[in-house]
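Swiss-Prot annotations:
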type	residues	note
BINDING	Gly40, Pro41, Asn42, Gly43, Ala44, Gly45, Lys46, Ser47	ATP binding site
DOMAIN	8-242	domain 'ABC transporter'
Amino acid sequence: MSLSSLAISANNISYRIGSKIILDDINLELRCGEVTTLLGPNGAGKSTLLKLLCDEITSFNDIRYFGKAKDQWDGNELAKRLGVLPQHSTLSFAFNVNEVVELGGLPLSLSNQALREITSNMMQKTVIKHLAERAYPSLSGGEKQRVHLARVLTQVSQHQQKIVMLDEPTSALDLSHQHNTLKLARELASEGAAVIVVLHDLNLAAQYSDRVIVLQDGKLQADGAPWEAITSKMIENVYGHKTLVQAHPTLNFPVVFAA
């Protein structure tokens, strides 16, 4: 693997709160051009791992972005390459949707016209252009989620080599927007980004991921392509539920059925 294709390297990642071990000696290398999905039951450590990887939680773990430690990066430059959609985004000001999306341009050196063009494009991709003048607090949960996705996409729009982290980006979305969001993740990866997604839906993970990482009680339980990681045995061991995993009738990914 060339260094340029390695977006994140994280060695011996551990985290605890008091005596509770949240993550236990996780080693990861995340590559450009791939969608990597984190799976696992509630409390497995998925969101904590994402927060450590993006430095939302300060730690002394060895995490590198594109081969450089965080303290070797200029903060503004890293912000242009590392976009994070948290599980919950709050905003109390009555900005309209267009203004919220434009907040993603803060680390960028762009003319007003260039920023308007980028935000318009990202709003089109996330299907929120019709909401442009709506006050953000008046939106539904799913609409707010798509607004923040457009903001994150605006933030990282100027670099082909970038990292996009999405923590449960489909949790408030209807079926159509779930698939649109994960198609955008695939599009980003095809353009060279490293995309890391936290999901609960195993079938969405199987359909849209290049790689699936399964956590349980802070430990790595599976790591591989969807066919390698999403198996009936893994699901029973990790989730305690019997399932049947079969091939999609026309597409090459596993489909999980309740047994």
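From the backbone N, Cα and C atoms, a Cβ is placed for every residue, glycine too.
The C-beta environment of Gly40 (ATP binding site), restricted to residues of the same chain at least 6 apart in sequence and closer than 8 Å, consists of Lys46, Val214, Leu215, Gln216, Gln221, Val238. Apart from Gly40, Pro41, Asn42, Gly43, Ala44, Gly45, Lys46, Ser47, the ATP site neighbourhood in this chain, defined by C-beta within 8 angstroms of the site C-beta centre, holds Leu215, Gln216. Once Cβ contacts within 10 Å are tallied over all protein chains shown, the binding-site residues Pro41, Gly45 are led by Gly45. Non-local contacts of Ser47 (ATP binding site) by the CB criterion (under 8 A, 6+ apart in sequence, same chain) comprise Gln87, Asp167, Glu168, Val198.
Averaged over the domain 'ABC transporter' (8-242), the predicted model has a pLDDT of 95. When Cβ neighbours within 10 Å are tallied across all protein chains shown, the highest count among the binding-site residues Gly43, Lys46 belongs to Lys46.
Around Ala44 (ATP binding site), a 10 Å sphere centred on its CB holds 23 further CB atoms from the protein chains shown. In the three-state DSSP classification, Ser47 (ATP binding site) falls within a helix.
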